[in-house]
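Structure record follows, encoded as structure tokens.
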Amino acid sequence: MSLYQRTNFQSHPYHLVWPSPWPFYNSLSLFILTTSGVLTMHGFSNMYIILFIAFINLVWCMTLWFRDIISEGTYLGNHTNAVQRGLNLGVGLFIASEALFFLAIFWTFFHSSLSPNVELGAQWPPLGIKAIDPFELPLLNNIILLSSGVTVNSNYHSLIQGNRKGALYGLVATILLAIVFTIFQGIEYSVSSFTISDGVYGSCFYFSTGFHGFHVLIGTAFLSVGLWRLLGYHLTDHHHLGYESGILYWHFVDVVWLILYVCIYFWGY
């Protein structure tokens, strides 16, 4: 029916999106989540309750938004070839903008580390900072995340070759590796001898690794949606746009981590 209407009433192949409440609700949830998070960090009592509620609400709104997009593409056939080209372009521009964001972070790091001033003790890491050994937990995390890049590439090739079982195993392995990486990153933060308040080194370290960790969480969410769709037989060897976009995003996360490990952990040690 949708194809019939598009053929008879539309002179273009593009999908005219219906009015949706999810962009507004997600923005509102993010605003409340950010505000309550800042207030919790500054010691306001019971703000963690609002933080938790805002997080649950954000996850719920994202789930419903994913549901609508999946319905439009999988069941209604609104994602034509022209729409898919536009979505691919959007993903590419999004990854490019994220790359520029990380470029600014690395610029800040090298601005301070290549020529440390007197306030830093004229050395890097600054005087009084005990940097994390790059050959301990960071090296293990490096191996884990790069291994996840191998498994996610393996499950993609299994999918396009029609090997559904191999695709499922590879995707589950990737998600498990991502979860382990996130847990180890949290352990690293908990045992670190410096905080984000310890000068420019602490700010650069926690902001860069924390922002990357946030991207790992986003990538894990995308891959989890891909796993759910794979289990629901939504994906085929030639129709898997969202799944492929999630894999591209995950490779971007891998590349950023490799640069981050070499520059901040290894060279900055």
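Each residue, glycine too, has its Cβ placed from N, Cα and C.
Over in Swiss-Prot, the protein carries these features:
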{"type": "TRANSMEM", "residues": "24-44", "note": "transmembrane segment"}
{"type": "TRANSMEM", "residues": "46-66", "note": "transmembrane segment"}
{"type": "TRANSMEM", "residues": "90-110", "note": "transmembrane segment"}
{"type": "TRANSMEM", "residues": "132-152", "note": "transmembrane segment"}
{"type": "TRANSMEM", "residues": "167-187", "note": "transmembrane segment"}
{"type": "TRANSMEM", "residues": "207-227", "note": "transmembrane segment"}
{"type": "TRANSMEM", "residues": "247-267", "note": "transmembrane segment"}
Beyond the flanks of the transmembrane segment (46-66) by 6 or more, those residues with Cβ under 8 Å of it: 20, 22-23, 25-26, 29-30, 32-33, 36-37, 39-40, 221, 225
Tertiary contacts of the transmembrane segment (132-152) (same chain, 6+ residues out, Cβ under 8 Å): 170-171, 173-174, 177-178, 180-181, 184-185, 187-188, 192, 216, 223, 247, 250-251, 253-254, 257-258, 261, 265-266, 269
Beyond the flanks of the transmembrane segment (247-267) by at least 6 residues, Cβ under 8 Å: 91, 95, 98-99, 102, 106, 109-110, 132, 134, 138, 142, 145-146, 148-149, 152-153, 156, 174, 204-205, 208-209, 212, 215-216, 218-219, 222-223, 226
